[in-house]
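**Student:** Structure below; questions to follow.
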Amino acid sequence: MKRPKLKKASKRMTCHKRYKIQKKVREHHRKLRKEAKKRGHKKPRKDPGVPNSAPFKEALLREAELRKQRLEELKQQQKLDRQKELEKKRKLETNPDIKPSNVEPMEKEFGLCKTENKAKSGKQNSKKLYCQELKKVIEASDVVLEVLDARDPLGCRCPQVEEAIVQSGQKKLVLILNKSDLVPKENLESWLNYLKKELPTVVFRASTKPKDKGKITKRVKAKKNAAPFRSEVCFGKEGLWKLLGGFQETCSKAIRVGVIGFPNVGKSSIINSLKQEQMCNVGVSMGLTRSMQVVPLDKQITIIDSPSFIVSPLNSSSALALRSPASIEVVKPMEAASAILSQADARQVVLKYTVPGYRNSLEFFTVLAQRRGMHQKGGIPNVEGAAKLLWSEWTGASLAYYCHPPTSWTPPPYFNESIVVDMKSGFNLEELEKNNAQSIRAIKGPHLANSILFQSSGLTNGIIEEKDIHEELPKRKERKQEEREDDKDSDQETVDEEVDENSSGMFAAEETGEALSEETTAGEQSTRSFILDKIIEEDDAYDFSTDYV
């Protein structure tokens, strides 16, 4: 019975009832034990595997491994398909009218047909598709936002793309300094002063955990003095809104804003922060956005997400390791991580990772693997795993490092004074400067002593023309599959040869066996007639044909 003014009923009961419950429980357990005893203990049969004496053991094991791998890939693909279907259903349930009214006309206008994309993706090179999508975004946009990582702004700029935007006509280019909470404030201010001489620059810090539009969240009472989570806070959103809104008023028409940049600089996170909803897919892995995506911010401003730039293979090894999503697959992890480590300040790296001084990258990765408990069989340090760990930290959004801006500003060859003035026209730069100052004051960046100094390799060259892209090599999985198939074919040929040899050997053995049997029988008869010590089983009957002397 629930007592008045209390949330829960009392758990007290009479002793008779408690003992009765305990007795029932004991009887139930006794009954279960008795049934288990009757059934007996059946030891599970151990899989004996393929015996060593079995023919074609290696081929059988290889087939079993391939079958297991195919099943795992099929399960993973089914899981991804289910997730996509659930996301589609959730979007339709939450906003059933947004797709036909807003998104479909825009997709038709910008040429975003999913069936065409699927048909092209099966035939054409994926990098060529990225170039096509990037060109579509630049052509369809009135304002282009180039997102830069505040830790290395110069390394996140692509001169080829900027030159294409300048040559395309009346388009505005704005720089966004994202991840500004991962650099010291002094360094952020110096980079802002350097970049704003050339183009309008916005200090930004995207929210990595926006509200999911299809997820129903429970309201939880928050403490009065409790600060919001670091990942939920967004800085610079108001300044960017005012900048785009002011430009739209000067144009007196609806504008389209394209968001471009290298992989993992936070393009989709900026769109989600502006929309305050999970509109674009974001994640730790690089290069998740593979096609342009139209997101209406309001009636007058439409924002377009784009795939990342394609990094030219002629760049330095550190630029390839930090900017290319395929660097860890194409290049060996040790080479990519060593290139990053060579550009970082050794003393600050030692303090950050709490390792002793190192002479080379191999020694550093060995000590790091021991410190992090990354071991292989036999207690050997997993050096490759430590290299992958360092690469993931430096390309992620958690490690604090910074670069110094150049001492003197020199405009690139595709920029001149008239182009700089034209790019800044139509924007309220005074209000932008005030908003940037407020954002810098609000952002809690790391101290200089807690961040790592990095030597930037300068501008990163990209590829925007399809003719400059060479044909892609098959992916690692496809290459492995082809190698396995080739091995399987060669093994089958060798097996057939072995079978032929064995069969011919068997036939030869049969023929020789008959001859040998005749020879041996003759030999046996001769030995029987000449060996006197051997006991010979003969008939006791008297043989009249034999002359006994």
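Heads up, the Cβ atoms here are built off N, Cα and C, so glycines get one too.
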**Student:** Select, from Lys11, Lys75, Lys253, the one residue given the annotation SUMO2 cross-link by Swiss-Prot.
**Tutor:** Lys253
**Student:** Work through the recorded positions one by one (Lys79, Lys91, Lys253, Lys267, Lys275) and name whichever has its CA nearest to the CA of Lys179 (SUMO2 cross-link).
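**Tutor:** Going through Lys79, Lys91, Lys253, Lys267, Lys275 one by one, the closest to Lys179 (SUMO2 cross-link) is Lys267.
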**Student:** What average pLDDT is reported by the model for the coiled coil (56-95)?
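**Tutor:** Within the coiled coil (56-95), the model's average pLDDT equals 87.
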**Student:** What are the DSSP helix, strand and coil residue counts for the region 'Disordered' (1-56)?
**Tutor:** 25 helix, 0 strand, 31 coil
**Student:** Of Lys253, Lys267, Lys275, which recorded sites are close to Lys91 (SUMO2 cross-link), meaning a Cα within 10 Å of its Cα?
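**Tutor:** Of everything listed, nothing lies within 10 Å of Lys91 (SUMO2 cross-link) (Cα to Cα).
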**Student:** Which one is it: of the recorded positions Lys79, Lys253, Lys267, Lys275, whose Cα lies the shortest distance from the Cα of Lys196 (SUMO2 cross-link)?
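**Tutor:** Considering only the listed recorded positions, the nearest one is Lys267.
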**Student:** Give the distance between the Cα atoms of Lys267 (SUMO2 cross-link) and Lys79 (N6-acetyllysine), rounded to the nearest whole Å.
**Tutor:** 26
**Student:** In the structure shown, with every protein chain counted, which of the recorded sites Lys179, Lys253, Lys275 has the densest set of Cβ atoms within 10 angstroms of its Cβ?
**Tutor:** Lys179
**Student:** Which one is it: of the recorded positions Lys79, Lys91, Lys196, Lys267, which Cβ has the fewest other Cβ atoms within 10 Å in this structure?
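**Tutor:** Candidates: the recorded positions Lys79, Lys91, Lys196, Lys267. Fewest Cβ atoms within 10 Å: Lys79.
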